[in-house]
Amino acid sequence: MKNIILASASERRQELLKRILEDFQIIVSDFDESSIPFKDNISSYVMNLAEGKARSVSKKIMDQDNNLVIGCDTLVAFNNKILGKPKDKKDAFEMLQALSGNEHEVYSGLAILDVKSNKIITDFVCTKVKFSKLTSLQIEKYVNTGDPMDKAGAYGIQGKAGVFVENINGCYYNVVGLPLNKLNSMLMEMGVNL
């Protein structure tokens, strides 16, 4: 069995991976996301970011042959504009105000790299999420919890912001940060059966 390495500091990704895999390592990627400019295609962009994270970690462990590195990146898009992590409370408020009453997309790019062979596969998942109409007071109260500050799109579906979600079309785990079904099929493609 290959050693699985998750190239992520995200606690949410680690928790999700623990649901399907008992034994894996975490090595945080030091990949500079700004080194890949966003051109136009969000799905290609998130796959490139995921690959960059996986390759960054693989360079740290090149002397260890039996490793598969999982890279992942998740972005929120609204009107073909990327909503990253908010810079401050005002930014978080504005993001949530824009999402209020509207549908947006959550994209996750996945990359799995076999360190020994340098074989890499990439893929992405897109989930559509519709928010209810939110009041300014609801948004302000949520922003003041601090919860939105480390999350793309300024919300976490698995937390207090779950009540904002009117409906979801696609993979719930993608919105949390790690699309488990897609990851499982990619791991199988790389010879890992969970």
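Each residue, glycine too, has its Cβ placed from N, Cα and C.
Residues or ranges marked as site 'Important for substrate specificity' in Swiss-Prot (evidence: sequence analysis): Arg12, Thr74, Gln158. For Asp73, the entry in Swiss-Prot reads active site, proton acceptor.
The most densely surrounded of the recorded sites Thr74, Gln158, judged by C-beta neighbours within 10 angstroms, is Thr74. Around Arg12 (site 'Important for substrate specificity'), a 10 Å sphere centred on its CB holds 18 further CB atoms from the protein chains shown. Comparing C-alpha positions, Arg12 (site 'Important for substrate specificity') sits nearest to Gln158 among the recorded positions Asp73, Thr74, Gln158.
Neighbour list (Asp73 (active site, proton acceptor), Cβ cut-off 8 Å, at least 6 residues apart, same chain): Glu33, Val46, Leu49, Ala50, Lys53, Ser108, Gly109. Taking CA atoms as the reference points, Thr74 (site 'Important for substrate specificity') and Gln158 (site 'Important for substrate specificity') are 15 Å apart.
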